[in-house]
Amino acid sequence: MSDGKRLAVLGAGAVGGSVVELAAEYGHTVTAFADSASAVVDADGIDTAAALGSKAETGRVGTADPDAALDADYDVLVEATPTTLDDAEPGFSHVRDALERDRHVVLANKGPVAERYADLMALERESAGDVRFEATVGGAIPVLSTIEDLSPAHVTAARGVLNGTANFILSRMAAEGLGYEHVLAEAQDLGVAEADPSFDVDGTDAALKCVILSNVLADGDREYTLADADVEGIKNVPGSALELAAEDGQTIRLIGEATPDGARVSPRLVSQNAALAVTGTRNIVQLESEHAGQLNISGRGAGGPETASAVLADVGRLD
Amino acid sequence: MTETEAVPETDGGEQPKPHTIRLELADEPGQLLDALRPIAENGGNLLSIFHERGNLTPRGRIPVEVDLECLPDRFDAIVDALRAEGVNVIQAGAEHYGETVTVLLVGHLVDSDLSDTLRRIEQCSSASLSDISLSAPEGRDDVSSASLRLATYTGRTEDALEVVRKVAREKDLHVIEPLTEVSQ
């Protein structure tokens with residue numbers, strides 16, 4: 001176990017908020033915390049309860065300018081702002097700023113890893129700081145650290161269910177014989193799906209995770225972005241398709257596949273008894289390795305404390 | 001059969017020839033009997049049956065190997081009769097369909113000429129359509145789904161899937177493919 005670190009946490013959503021809330025439990029000190037409009041900075045450690053209370057009441061974590069968090073004293077920058085595509089800004093600039101200061105970076109934001117992996121790795125090479133991003137794939141599930149332990153060169157493929165919202169919808173449709181629109185509305189009522197669910201049901205979120213996995217498995221030989229992925233969502237899966245699948249002992253899941261040669265997300269037929277046929281919001285990743293055979297790791301793929309635990313595990317892996 | 005043994009000649013002077021047929025049966029009572037009846041009824045003479053009960057296929061079915069003899073011109077009729085009875089024939093005579101694969105097609109299947117779709121998949125040299133189920137719950141105006149079971153030559157499943165994808169693209173249908181695990 002490494003020594004306690006000073007953390008600057010950017011992003012005050014479910015993940016960033018949970019990192020701030022749990023940091024002390026893991027022996028770390030939060031010296032800066034920012035949302036898009038404000039920041040709170042204290043080199044001796046911010047009052048985390050006050051900052052989270054302020055966020056809940058006023059929508060702001062503090063009164064300082066958000067850029068103050070980047071200029072603060074810290075060892076590790078935790079980038080937990082919302083995922084953005086294309087140039088992955090402003091997350092990418094936050095990461096660059098930290099690496100140029102020779103600080104470590106831990107990402108929960110998928111954008112910089114999925115859309116600008118080569119740029120990110122180039123910055124890391126020039127920096128004394130390290131970049132880690134366990135939380136970007138599979139939430140609480142230790143996918144990337146498992147691949148790191150096996151060594152990416154010995155993992156030939158990763159596949160699995162990487163989006164809990166899409167999986168909830170498909171498994172409810174299959175179990176209850178309900179249509180897509182009906183189950184989507186139910187998922188929105190339960191808070192499982194967002195008001196605009198397109199990121200999840202169109203397969204984009206799962207594809208970003210697969211692109212990240214392909215980048216890791218390719219190990220620098222090739223760079224992938226979302227544009228390179230072959231993506232199909234679940235909106236075209238009618239109840240009748242799930243019924244036909246069930247007649248044959250099968251079901252349909254939104255499966256992401258990543259290899260060093262590319263990434264693909266599409267609804268696929270899988271046996272109802274298959275390890276990949278998880279139900280509800282559960283995620284699963286199956287790794288094919290050269291010497292260790294097949295590994296299945298399953299768990300919660302989203303959620304504030306769950307994803308924060310992956311962020312804090314990364315912080316713990318830093319020197 | 002030894003060479004010295006007399007074989008009765010038939011009208012055309014042809015002699016019965018031995019054949020092996022591989023079937024897959026559901027694990028249900030009566031399935032084996034139902035599979036054997038079309039053989040006898042179409043002029044086949046059963047030589048042996050190897051019912052591999054302990055050896056389930058990946059789809060949970062029981063492989064059965066049937067040795068029979070029949071006149072050359074009866075063999076196709078026997079295989080056709082088996083398929084007409086809904087028996088899953090994996091391999092018959094010279095055909096070596098070593099794998100079965102199920103795909104779903106989703107979309108306006110009827111309006112996009114389902115029989116043409118199936119014919120074009122059947123014409124593909126790598127696959128034979130062994131079963132189809134159609135579900136059109138809302139009538140022909142809404143999207144319907146079809147489950148196609150294809151028997152494919154060993155190692156040619158990807159070729160068969162590519163044909164399905166191509167036909168589906170042209171007709172604006174969606175293909176839900178099976179997850180075939182990478183075997184590299």
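The backbone N, Cα and C atoms fix where each Cβ goes, glycine too.
Just so you know, TrEMBL annotations never went through curation; they're auto-generated.
What TrEMBL records for this protein:
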{"type": "ACT_SITE", "residues": "A:Lys209", "note": "active site, proton donor"}
{"type": "BINDING", "residues": "A:Gly11, A:Ala12, A:Gly13, A:Ala14, A:Val15, A:Gly16", "note": "NADP(+) binding site"}
{"type": "BINDING", "residues": "A:Lys110", "note": "NADPH binding site"}
{"type": "BINDING", "residues": "A:Glu194", "note": "L-homoserine binding site"}
{"type": "DOMAIN", "residues": "A:142-315", "note": "domain 'Homoserine dehydrogenase catalytic'"}
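The structure, with features from TrEMBL marked on it.
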residue	record	CB count, 10 Å
A:Gly11	NADP(+) binding site	23
A:Ala12	NADP(+) binding site	29
A:Gly13	NADP(+) binding site	16
A:Ala14	NADP(+) binding site	17
A:Val15	NADP(+) binding site	27
A:Gly16	NADP(+) binding site	28
A:Lys110	NADPH binding site	24
A:Glu194	L-homoserine binding site	12
A:Lys209	active site, proton donor	29
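For the domain 'Homoserine dehydrogenase catalytic' (A:142-315), the mean pLDDT of the prediction comes to 95. Apart from A:Gly11, A:Ala12, A:Gly13, A:Ala14, A:Val15, A:Gly16, the residues listed for NADP(+), the same chain places the Cβ atoms of A:Val9, A:Gly17, A:Ser18, A:Val19, A:Ala80, A:Thr81, A:Ala108, A:Gly304 within 8 Å of the centroid of those Cβ atoms. For the recorded positions A:Gly11, A:Ala12, A:Gly13, A:Ala14, A:Val15, A:Lys209, a Cα to Cα distance of within 10 angstroms from A:Lys110 (NADPH binding site) holds for A:Lys209.
For the recorded site, A:Gly13 (NADP(+) binding site), the DSSP three-state label reads coil.
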